[in-house]
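According to Swiss-Prot, the feature Zn(2+) binding site maps to Cys108, His111, Cys179.
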Amino acid sequence: MALSDAAIKVQAALNERGLETPMLPKTSTPEERKIKIEHHMREILTLMSLDLTDDSLMDTPRRIAKMYVDEIFSGLDYDNFPKITVIDNKMGFDEMVRVQDISLTSTCEHHLVTIDGLATVAYLPRAKIIGLSKINRIVRFFAQRPQVQERLTQQILVALQTLLETKDVAVKIDAVHFCVKSRGVMDSTSSTTTTSLGGIFKSNPATRAEFLQQAKF
């Protein structure tokens, strides 16, 4: 399947800035990947002494393979990049557009455990405006990968800057990392905040302060 123009532009912009997720070219179809993942997951679970003949476990390798390819890591495949609606700003709207409390679930690329949080995204319209739900879909696409929060924040920013043809975009993410909460230090109360600011959100203190004040969760 040919990639959409939006997917091609966003991927090129991320590669140009060194912000693309480290990944190899695709050499198999989604169904082929599921078969291979299921096989290897069966071996892993067996090495952990789990009895895969038990009716509670026998479908677990298949379920994990499907979950990886179709759901939690679907953002590794630009064939899944959301259909984007960008229109000319004919009404001349020039005030901040902000979408907040965007639910976000990703996966830590170091331990493959959950990152759970909320995102706020804002932009100042110039020549183009974007369908509001498309912002949520872009956040979800990049979250559906093994990630680090810093890169995720920047990927969302660059994607929207590219599609909207403006630098005036801001992204803030607050998230709980289960690699901190459920293992290692086992801190159940801490969270991590990252911001990525472009254009006037970075250069103008008043605009930056307005965004950050309104983006408080």
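Cβ from N, Cα, C; glycine included.
Where Swiss-Prot records a feature, it is marked here on the structure.
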residue	record	Cβ neighbours (10 Å)
Cys108	Zn(2+) binding site	18
His111	Zn(2+) binding site	15
Cys179	Zn(2+) binding site	17
